[in-house]
Amino acid sequence: MATLTVPASVPPVAEDCEQLHKAFEGWGTNEKLIISVLAHRDAAHRRAIRRAYAEKYGKELLRALGDEIHGKFERAVILWTLDPAERDAVLASEEAKKWHPGGRALVEIACARTPAQLFAARQAYHDRFKRSLEEDVAAHVTGDFRKLLVPLVSAYRYDGPEVNTSLAHSEAKILHENIHKKAYSDEEVIRILTTRSKAQLLATFNSYRDQFDHPINKDLKVDPKDEFLATLRAIIRCFTCPDRYFEKVLRLALGGMGTDEDDLTRVITTRAEVDLKLIKEAYQKRNSVPLERAVAKDTTRDYEDILLALLGAE
(Lines of atoms letter the chains of each structure in order from A and count residues from 1; the text may use other names and numbers.)
(Lines give C-alpha, C1' and ligand atoms only; values in the text may rest on other atoms or scores of the structure.)
Protein backbone atom coordinates (compact mmCIF):
# COMPACT_ATOMS: atom_id res chain seq x y z
CA MET A 1 0.00 0.00 0.00
CA ALA A 2 3.02 2.27 0.37
CA THR A 3 4.46 4.05 -2.67
CA LEU A 4 7.98 4.42 -1.26
CA THR A 5 10.47 2.64 -3.52
CA VAL A 6 13.67 1.36 -1.92
CA PRO A 7 16.58 -0.20 -3.87
CA ALA A 8 16.84 -3.98 -3.76
CA SER A 9 20.30 -3.47 -2.29
CA VAL A 10 20.33 -0.42 -0.03
CA PRO A 11 23.77 1.23 0.25
CA PRO A 12 25.44 1.34 3.67
CA VAL A 13 24.45 4.28 5.87
CA ALA A 14 28.00 5.65 5.73
CA GLU A 15 27.85 5.75 1.92
CA ASP A 16 24.50 7.60 2.00
CA CYS A 17 26.02 10.16 4.39
CA GLU A 18 28.94 10.69 2.02
CA GLN A 19 26.59 11.17 -0.92
CA LEU A 20 24.55 13.74 0.96
CA HIS A 21 27.65 15.60 2.10
CA LYS A 22 28.84 15.58 -1.50
CA ALA A 23 25.50 17.08 -2.57
CA PHE A 24 26.15 20.05 -0.26
CA GLU A 25 29.72 20.73 -1.38
CA GLY A 26 30.82 23.24 -4.00
CA TRP A 27 29.10 26.32 -5.35
CA GLY A 28 25.74 24.72 -5.99
CA THR A 29 23.60 22.12 -4.29
CA ASN A 30 22.94 18.81 -6.04
CA GLU A 31 19.22 18.52 -5.38
CA LYS A 32 18.82 15.42 -7.54
CA LEU A 33 21.38 13.58 -5.42
CA ILE A 34 19.51 14.55 -2.24
CA ILE A 35 16.30 13.16 -3.73
CA SER A 36 17.97 9.98 -5.00
CA VAL A 37 19.10 9.17 -1.46
CA LEU A 38 16.44 10.41 0.95
CA ALA A 39 13.34 9.77 -1.19
CA HIS A 40 14.27 6.10 -1.49
CA ARG A 41 15.02 5.18 2.14
CA ASP A 42 12.55 4.00 4.76
CA ALA A 43 12.08 5.65 8.16
CA ALA A 44 14.54 3.41 9.99
CA HIS A 45 17.26 4.04 7.41
CA ARG A 46 16.63 7.80 7.37
CA ARG A 47 16.91 7.80 11.16
CA ALA A 48 20.24 5.97 10.91
CA ILE A 49 21.47 8.43 8.27
CA ARG A 50 20.67 11.40 10.53
CA ARG A 51 22.51 9.85 13.46
CA ALA A 52 25.56 8.85 11.40
CA TYR A 53 25.73 12.19 9.56
CA ALA A 54 25.82 14.14 12.83
CA GLU A 55 28.54 11.87 14.21
CA LYS A 56 30.70 12.10 11.09
CA TYR A 57 30.31 15.75 10.14
CA GLY A 58 29.42 17.37 13.47
CA LYS A 59 26.25 18.91 12.07
CA GLU A 60 22.65 17.75 12.22
CA LEU A 61 21.46 16.64 8.77
CA LEU A 62 18.29 18.71 8.98
CA ARG A 63 20.35 21.83 9.67
CA ALA A 64 22.63 21.02 6.74
CA LEU A 65 19.63 20.58 4.48
CA GLY A 66 18.13 23.87 5.70
CA ASP A 67 21.37 25.68 4.84
CA GLU A 68 21.39 24.33 1.29
CA ILE A 69 17.79 24.14 0.07
CA HIS A 70 14.83 26.45 0.45
CA GLY A 71 11.11 27.00 -0.02
CA LYS A 72 8.62 24.29 -0.88
CA PHE A 73 11.36 21.81 -1.72
CA GLU A 74 13.05 22.33 1.65
CA ARG A 75 9.78 21.78 3.52
CA ALA A 76 9.03 18.55 1.65
CA VAL A 77 12.54 17.17 2.20
CA ILE A 78 12.64 18.14 5.89
CA LEU A 79 9.20 16.71 6.65
CA TRP A 80 10.05 13.50 4.83
CA THR A 81 13.42 13.12 6.56
CA LEU A 82 11.91 13.50 10.04
CA ASP A 83 10.97 10.39 11.98
CA PRO A 84 7.18 9.86 11.52
CA ALA A 85 6.36 10.66 15.16
CA GLU A 86 8.57 13.74 15.11
CA ARG A 87 6.98 14.83 11.81
CA ASP A 88 3.53 14.53 13.36
CA ALA A 89 4.69 16.57 16.33
CA VAL A 90 5.93 19.34 14.03
CA LEU A 91 2.71 19.35 11.99
CA ALA A 92 0.57 19.35 15.13
CA SER A 93 2.53 22.24 16.64
CA GLU A 94 2.23 24.31 13.47
CA GLU A 95 -1.51 23.80 13.28
CA ALA A 96 -2.15 24.36 16.99
CA LYS A 97 -0.26 27.67 17.01
CA LYS A 98 -1.79 28.94 13.76
CA TRP A 99 -5.08 27.21 14.29
CA HIS A 100 -8.07 27.96 12.08
CA PRO A 101 -11.34 26.05 11.79
CA GLY A 102 -10.46 24.52 8.39
CA GLY A 103 -7.22 22.94 9.60
CA ARG A 104 -7.04 19.16 9.27
CA ALA A 105 -3.58 18.11 10.49
CA LEU A 106 -4.71 17.57 14.11
CA VAL A 107 -7.67 15.47 12.99
CA GLU A 108 -5.47 13.36 10.72
CA ILE A 109 -2.86 12.77 13.42
CA ALA A 110 -5.53 11.84 15.97
CA CYS A 111 -7.72 9.68 13.72
CA ALA A 112 -5.68 8.41 10.75
CA ARG A 113 -2.86 7.02 12.91
CA THR A 114 -2.90 3.99 15.18
CA PRO A 115 -3.24 4.65 18.93
CA ALA A 116 0.45 3.76 19.33
CA GLN A 117 1.44 6.22 16.60
CA LEU A 118 -0.59 9.02 18.20
CA PHE A 119 1.02 8.24 21.56
CA ALA A 120 4.47 8.32 19.93
CA ALA A 121 3.64 11.70 18.37
CA ARG A 122 2.67 13.07 21.78
CA GLN A 123 5.94 11.81 23.26
CA ALA A 124 7.87 13.37 20.38
CA TYR A 125 5.99 16.62 21.05
CA HIS A 126 7.19 16.54 24.69
CA ASP A 127 10.78 15.96 23.59
CA ARG A 128 10.84 18.63 20.90
CA PHE A 129 8.76 21.44 22.42
CA LYS A 130 9.00 20.75 26.20
CA ARG A 131 5.22 21.01 26.44
CA SER A 132 2.33 18.68 25.81
CA LEU A 133 0.31 18.68 22.61
CA GLU A 134 -2.85 18.82 24.70
CA GLU A 135 -1.88 22.04 26.47
CA ASP A 136 -0.95 23.76 23.20
CA VAL A 137 -4.24 22.75 21.59
CA ALA A 138 -6.10 23.98 24.69
CA ALA A 139 -4.16 27.27 24.63
CA HIS A 140 -4.75 28.12 20.98
CA VAL A 141 -8.08 26.52 20.05
CA THR A 142 -11.35 27.96 21.34
CA GLY A 143 -15.02 27.16 21.80
CA ASP A 144 -16.58 23.92 20.57
CA PHE A 145 -13.42 23.08 18.63
CA ARG A 146 -11.42 23.03 21.86
CA LYS A 147 -14.08 20.80 23.49
CA LEU A 148 -13.60 18.38 20.61
CA LEU A 149 -9.90 18.56 19.76
CA VAL A 150 -8.34 18.40 23.23
CA PRO A 151 -9.83 14.96 24.05
CA LEU A 152 -9.31 13.87 20.44
CA VAL A 153 -5.52 14.38 20.56
CA SER A 154 -5.39 13.09 24.17
CA ALA A 155 -6.99 9.74 23.36
CA TYR A 156 -5.30 6.38 23.74
CA ARG A 157 -7.94 4.18 22.17
CA TYR A 158 -8.16 0.42 22.43
CA ASP A 159 -6.75 -0.99 19.18
CA GLY A 160 -8.26 -4.48 19.12
CA PRO A 161 -11.00 -5.95 16.92
CA GLU A 162 -13.58 -6.61 19.65
CA VAL A 163 -16.96 -4.93 19.20
CA ASN A 164 -19.97 -4.58 21.49
CA THR A 165 -22.91 -4.65 19.09
CA SER A 166 -25.54 -3.59 21.63
CA LEU A 167 -23.35 -0.61 22.60
CA ALA A 168 -22.93 0.29 18.93
CA HIS A 169 -26.72 0.19 18.52
CA SER A 170 -27.38 2.40 21.55
CA GLU A 171 -24.60 4.90 20.78
CA ALA A 172 -25.80 5.21 17.17
CA LYS A 173 -29.15 6.30 18.66
CA ILE A 174 -27.39 8.82 20.93
CA LEU A 175 -25.55 10.29 17.95
CA HIS A 176 -28.74 10.46 15.89
CA GLU A 177 -30.72 12.14 18.68
CA ASN A 178 -28.09 14.84 19.18
CA ILE A 179 -27.61 15.42 15.47
CA HIS A 180 -31.39 15.68 15.04
CA LYS A 181 -31.41 18.34 17.82
CA LYS A 182 -28.40 20.03 16.19
CA ALA A 183 -26.51 19.48 19.46
CA TYR A 184 -23.36 18.70 17.49
CA SER A 185 -20.96 19.56 20.33
CA ASP A 186 -22.91 17.68 22.99
CA GLU A 187 -20.70 15.91 25.56
CA GLU A 188 -22.06 12.52 24.50
CA VAL A 189 -21.19 13.09 20.84
CA ILE A 190 -17.66 14.14 21.78
CA ARG A 191 -17.30 11.26 24.26
CA ILE A 192 -18.20 8.66 21.63
CA LEU A 193 -15.99 10.10 18.89
CA THR A 194 -12.96 10.65 21.13
CA THR A 195 -12.89 7.49 23.27
CA ARG A 196 -14.22 4.51 21.33
CA SER A 197 -11.92 2.19 19.43
CA LYS A 198 -11.85 2.30 15.64
CA ALA A 199 -13.59 -1.08 15.43
CA GLN A 200 -16.30 0.08 17.83
CA LEU A 201 -16.81 3.33 15.93
CA LEU A 202 -17.12 1.50 12.62
CA ALA A 203 -19.77 -0.74 14.18
CA THR A 204 -21.58 2.33 15.52
CA PHE A 205 -21.54 4.08 12.14
CA ASN A 206 -22.80 0.90 10.44
CA SER A 207 -25.60 0.63 13.01
CA TYR A 208 -26.47 4.30 12.37
CA ARG A 209 -26.86 3.56 8.67
CA ASP A 210 -28.90 0.41 9.31
CA GLN A 211 -31.24 2.11 11.79
CA PHE A 212 -31.76 5.41 9.96
CA ASP A 213 -31.28 4.33 6.30
CA HIS A 214 -28.41 6.68 5.49
CA PRO A 215 -24.81 7.31 6.59
CA ILE A 216 -24.12 9.56 9.56
CA ASN A 217 -22.14 11.99 7.42
CA LYS A 218 -25.25 12.73 5.35
CA ASP A 219 -26.88 14.13 8.48
CA LEU A 220 -23.77 16.21 9.14
CA LYS A 221 -24.01 17.98 5.76
CA VAL A 222 -27.01 20.14 6.65
CA ASP A 223 -24.82 23.27 6.49
CA PRO A 224 -21.86 22.84 4.11
CA LYS A 225 -20.32 26.10 5.38
CA ASP A 226 -20.28 25.01 9.04
CA GLU A 227 -16.63 24.20 9.82
CA PHE A 228 -17.47 22.31 13.02
CA LEU A 229 -19.67 19.92 11.05
CA ALA A 230 -16.91 19.63 8.44
CA THR A 231 -14.49 18.67 11.22
CA LEU A 232 -16.88 16.00 12.51
CA ARG A 233 -17.20 14.60 8.98
CA ALA A 234 -13.41 14.59 8.59
CA ILE A 235 -13.03 12.63 11.84
CA ILE A 236 -15.55 10.04 10.68
CA ARG A 237 -13.99 9.72 7.22
CA CYS A 238 -10.50 9.27 8.68
CA PHE A 239 -11.87 6.22 10.49
CA THR A 240 -14.18 4.83 7.83
CA CYS A 241 -12.41 5.54 4.52
CA PRO A 242 -9.00 7.18 4.98
CA ASP A 243 -8.03 6.63 1.34
CA ARG A 244 -11.06 8.60 0.11
CA TYR A 245 -10.57 11.22 2.82
CA PHE A 246 -6.98 11.88 1.70
CA GLU A 247 -7.98 11.74 -1.97
CA LYS A 248 -10.34 14.64 -1.33
CA VAL A 249 -7.64 16.63 0.49
CA LEU A 250 -5.35 16.16 -2.53
CA ARG A 251 -8.14 16.94 -5.01
CA LEU A 252 -8.87 20.24 -3.26
CA ALA A 253 -5.16 21.03 -2.93
CA LEU A 254 -4.63 20.56 -6.67
CA GLY A 255 -7.97 21.69 -8.05
CA GLY A 256 -8.37 25.31 -7.02
CA MET A 257 -7.15 28.62 -8.41
CA GLY A 258 -3.76 27.89 -6.86
CA THR A 259 -2.03 24.85 -5.42
CA ASP A 260 -2.21 24.31 -1.65
CA GLU A 261 1.37 23.15 -1.17
CA ASP A 262 0.96 22.68 2.59
CA ASP A 263 -1.82 20.11 2.19
CA LEU A 264 -0.14 18.48 -0.80
CA THR A 265 3.19 18.11 0.99
CA ARG A 266 1.60 16.94 4.23
CA VAL A 267 -0.43 14.16 2.66
CA ILE A 268 2.34 12.82 0.43
CA THR A 269 5.05 12.86 3.10
CA THR A 270 2.85 11.33 5.80
CA ARG A 271 1.22 8.61 3.65
CA ALA A 272 4.06 7.49 1.32
CA GLU A 273 5.07 4.74 3.77
CA VAL A 274 1.48 3.88 4.71
CA ASP A 275 -1.30 3.81 2.10
CA LEU A 276 -0.47 6.30 -0.65
CA LYS A 277 -0.97 3.57 -3.26
CA LEU A 278 -4.62 3.25 -2.18
CA ILE A 279 -4.97 7.04 -2.19
CA LYS A 280 -3.57 7.14 -5.74
CA GLU A 281 -6.10 4.51 -6.82
CA ALA A 282 -8.92 6.51 -5.22
CA TYR A 283 -7.70 9.67 -6.97
CA GLN A 284 -7.58 7.95 -10.37
CA LYS A 285 -11.08 6.52 -9.86
CA ARG A 286 -12.55 9.85 -8.73
CA ASN A 287 -10.81 12.15 -11.24
CA SER A 288 -9.91 9.90 -14.21
CA VAL A 289 -6.39 11.33 -14.04
CA PRO A 290 -3.32 9.73 -12.43
CA LEU A 291 -2.24 11.57 -9.29
CA GLU A 292 1.31 11.81 -10.64
CA ARG A 293 0.06 13.71 -13.68
CA ALA A 294 -1.96 16.12 -11.53
CA VAL A 295 1.04 16.76 -9.26
CA ALA A 296 3.37 17.28 -12.23
CA LYS A 297 0.91 19.78 -13.73
CA ASP A 298 0.73 21.89 -10.56
CA THR A 299 4.35 21.76 -9.33
CA THR A 300 7.78 22.46 -10.78
CA ARG A 301 11.46 21.64 -10.56
CA ASP A 302 12.89 20.02 -7.41
CA TYR A 303 9.61 20.24 -5.48
CA GLU A 304 7.90 18.32 -8.27
CA ASP A 305 10.74 15.78 -8.35
CA ILE A 306 10.62 14.97 -4.62
CA LEU A 307 6.82 14.55 -4.64
CA LEU A 308 6.89 12.32 -7.73
CA ALA A 309 9.66 10.23 -6.20
CA LEU A 310 7.58 9.69 -3.05
CA LEU A 311 4.58 8.82 -5.24
CA GLY A 312 6.65 6.01 -6.71
CA ALA A 313 6.84 7.51 -10.22
CA GLU A 314 9.38 5.87 -12.49
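Glycine is no exception: its Cβ is also placed from the backbone N, Cα and C atoms.
According to TrEMBL, the protein carries these features:
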- Phe24, Gly26, Gly28, Glu68, Gly258, Ala296, Thr299, Glu304: Ca(2+) 1 binding site (BINDING)
- Asp298: Ca(2+) 3 binding site (BINDING)
Spatial separation of the residue listed as 'Ca(2+) 3 binding site' from Glu68 (Ca(2+) 1 binding site) - C-alpha basis, Å: 24
Phe24 (Ca(2+) 1 binding site), number of other Cβ atoms within 10 Å: 19
Pairwise CA distance, Phe24 (Ca(2+) 1 binding site) versus Asp298 (Ca(2+) 3 binding site), rounded so that it is a whole Å: 27
Around the Cβ of Asp298 (Ca(2+) 3 binding site), the count of other Cβ atoms that are within 10 Å: 18
